[in-house]
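S.K.: This is the structure I want to talk about, given as structure tokens.
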Amino acid sequence: MSIVVENSTVLSALTEKFAEVFGDTKEVEYFFSPGRINLIGEHTDYNGGYVFPASITIGTTGLARLREDKKVKLYSENFPKLGVIEFDLDEVEKKDGELWSNYVKGMIVMLKGAGYEIDKGFELLIKGEIPTASGLSSSASLELLVGVVLDDLFNLNVPRLELVQLGQKTENDYIGVNSGILDQFAIGFGEVKKAILLDCNTLKYEMVPVELRDYDIVIMNTNKPRALTESKYNERFAETREALKRMQTRLDIQSLGELSNEEFDANTDLIGDETLIKRARHAVYENNRTKIAQKAFVAGNLTKFGELLNASHASLKDDYEVTGLELDTLAETAQKQAGVLGARMTGAGFGGCAIALVAHDNVSAFEKAVGQVYEEVVGYPASFYVAQIGSGSTKLDVE
């Protein structure tokens, strides 16, 4: 899969930078990997539930070419002070202080471990447009970028699902975050103006046209610093696993995603701990909420869809406790504005971004009003972007 890139100015600048860093631009190939938003279905992916994400046009661009030796040379426009990071193909152990290059190493390790031959070094220059710690999946975007780069340079012909799974494996086993498959799947399988209803239990999925009529999806960035590995993400993972384990003493289930709300409520005595009950209740209710939301979305009932966004945020705040002052201020202020059908945090939480479904004609006033309240409450400004739904990770045709 390849697309003709639209932003030639960005590529021209990156091409010049590649020549400056690596000497020339002979045989350079161009790649792009998006970020993602999750419309609804939060913290359900690692609980065997449904998610409803879409890839966005903000992402990570890469320029790459093969070398004849085994040296890997990396440069990021986002971290110029790090300069060129260099390592040998046979020395791919994770290193502290080399945060972004660890994702490259991880993908090399996972692809080689899956039996794919990567026998030469390469040069890779990247530029990420996704704000770090925004909850728009800058790490998964980079993993899938590296995946499509290596797939192309070495003619590996890796099936897209396997590439997505190796991206998740990099996150879980190499980086050390117990994430589900939502981010990598959305980024690997994304299509222009389509969202993905994904059953994370079976990996069956449905592409759903995004028909918003007179509404826009506005991304609201808290600009709060956050690192997923330092957050309570892994703690929530462990809590829902423990709740599942306790419910399995009587129920024949493999994941919380198999339960209806009624089945869950009838068996909370098995869990016996109020915190664990709250965590599991969010996973179950959010999963069922996501299925209802997708049906409303397809039917064009954006009002109902918006109400479910609001309910999702409330559950993430009260039961899963992953929001905090910044996300609550954005989402709850957004919900009160004219022309807004719904708003919720998106991503892992603990900072990052929220999204709102806003009438197109109200967007400017919305951003001003929410931005003003946020800065008054939090003490620094939020950032706002209107989301554009774009393609998944791909090689670019540069003419």
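One-based numbering along the chain as shown.
Including glycine, each Cβ sits where the backbone N, Cα and C put it.
Swiss-Prot feature annotations, pasted as is:
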ACT_SITE  ASP183  active site, proton acceptor
BINDING   GLU42, HIS43, THR44, ASP45, TYR233  substrate binding site
BINDING   SER76, ALA133, SER134, GLY135, LEU136, SER137, SER138, SER139  ATP binding site
BINDING   SER139, GLU171  Mg(2+) binding site
SITE      ARG36  site 'Transition state stabilizer'
S.K.: An 8 Å radius from the center of the GLU42, HIS43, THR44, ASP45, TYR233 Cβ atoms defines the neighbourhood of the substrate site; name the other residues of that chain inside it, in order.
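M.R.: Result: GLY41, TYR46, ASN47, VAL51, GLY180, LEU182, ARG236, ALA283, GLU286, ALA348.
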S.K.: Quick one: of ARG36, HIS43, THR44, ASP45, GLU171, TYR233, which recorded positions lie within 10 angstroms of SER137 (ATP binding site), measuring between C-alpha atoms? Sequence order, please.
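M.R.: Passing the 10 Å Cα cut: ARG36.
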S.K.: Expressed to the nearest Å, what is the distance separating ARG36 (site 'Transition state stabilizer') and GLY135 (ATP binding site) at their Cα atoms?
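M.R.: It is 9 Å, counting Cα to Cα.
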S.K.: How far apart, in angstrom, are the most distant Cα atoms among the ATP-binding residues SER76, ALA133, SER134, GLY135, LEU136, SER137, SER138, SER139?
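M.R.: Across SER76, ALA133, SER134, GLY135, LEU136, SER137, SER138, SER139, the widest Cα separation comes out at 20 Å.
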S.K.: Please list residues from the chain of GLU42 (substrate binding site) whose Cβ is under 8 angstroms from its Cβ, counting only those at least six apart in sequence.
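M.R.: Expected: VAL51, GLU286, SER312, LEU316, TYR320, ARG344, MET345, THR346, GLY347, GLY349.
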S.K.: For SER76 (ATP binding site), which residues in the same chain are close in space, meaning a Cβ under 8 Å from its Cβ, but six or more apart along the sequence?
M.R.: LEU82, TRP100, LEU125, ILE126, LYS127, GLY128
S.K.: I need the least crowded one of these binding-site residues (SER137, SER139), counting other C-beta atoms within 10 angstroms of each C-beta.
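M.R.: Sparsest of the binding-site residues SER137, SER139 by Cβ contacts within 10 Å: SER139.
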